[in-house]
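What follows is a set of notes on a single structure, which appears directly below.
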């Protein structure tokens, strides 16, 4: 595949299409099972045989990798939009911050009214800071991205060491901090699937009606997502800066030679895959204890980012080697409609699994539930291209753009009369 501007954008869209579809490979467990099952197969969905094998394969190939790839692409897209605004003599600041403002509102609406696993609000908050790096060179973006992500990962590992010490000797906790730390520890144990006393209640709640689920979100979790977002903000910004670096140096636009992509794909997939495989094996060997999950989740972060870059390199390499035609066109369409497809996936999956829909929550084991992943992927590939054949944008892309620009944007493609 040549590297004209149009094809470079196509390459970026193809990678984004894979990312928005790939996120469901892990999110499916959060849609269909109790929260702790996402991290800990002992909680639900089967912890032996093919189900444990499915967990291990997901952990190596997808866990954090697709989300990392999506974050990389978000950073790249933010820079692309700012550069286009600057090139057209528009206010880059207004363009960027207006988009982030509306994205945050979309994210909170998604979190409150559709599904608790939203990432859009955190992306919007991270995006508030990306603008300050818009004029920096690729090298500066790389250094800042690696530094932010690396420092926060190291800090988290130090925290894990302190947590291990506290758990082995609770008496070392100052009296004034004891109650708060125990409460945080209790929440973490529920989150990681160590404390399973609430699993039955969680299943009953998700199999209930919409009003009950909405009441639970607003009364118990209205703003909790913002707390989690604040904790993950530095690492999120770091990954997005890496995305801006990979856009500015031509990696994400398909400008590199095929041999360079092959080298990056080989090394990054090998390093990331082997690192995740080793950490996942250690967690299984420890039978998913609290500390093994906590340390594993933190230690796996760098391998997730490395492998996300490897995934991007592999996808671009396949595109450059002629992955054109039907599949590439449909993946690119899925990427151009990533916003619609991300929220659309949440709507479809909650209607499939929650009590106000088909009520299939908790009915499938870890291996079998992936049939819904394949089905959703098929839907995304089937509906994205026909929509974009007729319209300039996906429906939510159009709404986001119209709100951000304070003006309704033309939706239907203009018919060009034959000469």
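Using N, Cα and C of the backbone, Cβ positions are placed for all residues, glycine too.
Residues or ranges marked as domain 'DUF418' by TrEMBL: 246-406.
Sequence annotations record features per position, and here TrEMBL assigns transmembrane segment to 18-39 (among others).
What TrEMBL records for 119-134 (among others) is transmembrane segment.
As annotated by TrEMBL, transmembrane segment applies to 146-167 (among others).
What TrEMBL lists as transmembrane segment is 233-252 (among others).
What TrEMBL records for 264-284 (among others) is transmembrane segment.
What TrEMBL records for 290-318 (among others) is transmembrane segment. Sequence-distant contacts of the transmembrane segment (290-318) (same chain, at least 6 residues past either end, Cβ-Cβ under 8 Å): 11, 14-15, 18, 22, 39-40, 63-69, 71-72, 149-150, 153, 156-157, 160, 163-164, 167, 188-189, 192-194, 235, 239, 242, 246, 251-252, 254, 258, 261-262, 264-273, 275-276, 279-280, 282-283.
Annotation comment: TrEMBL describes 339-358 (among others) as transmembrane segment. Residues 20-21, 23-24, 27-28, 31-32, 106, 110, 114-115, 117, 120, 206-210, 213, 372, 376, 379-380, 384, 394-397, 400 of the same chain sit 6 or more residues outside the transmembrane segment (339-358) yet have a Cβ under 8 Å from a Cβ within it.
The annotation transmembrane segment is assigned in TrEMBL to 364-383 (among others).
When Cβ distances are compared across the two stretches, the transmembrane segment (364-383) makes contact with the transmembrane segment (18-39), since 3 or more pairs at least 6 residues apart fall below 8 angstroms. Beyond its flanks by at least six residues, the transmembrane segment (18-39) meets 45, 58, 61-67, 69-70, 73, 115, 117, 190-194, 196, 199, 202-203, 288, 293, 297, 311, 315, 331, 334-335, 338, 341-342, 345-346, 349-350, 352-353, 360-364, 366, 369-370, 372-373, 376-377, 380 of its own chain at Cβ-Cβ distances under 8 Å. When pLDDT values are averaged over the domain 'DUF418' (246-406), the model yields 96. Looking at 146-167, 233-252, 264-284, the range that has the most CB pairs within less than 8 A of the transmembrane segment (119-134) turns out to be 233-252.
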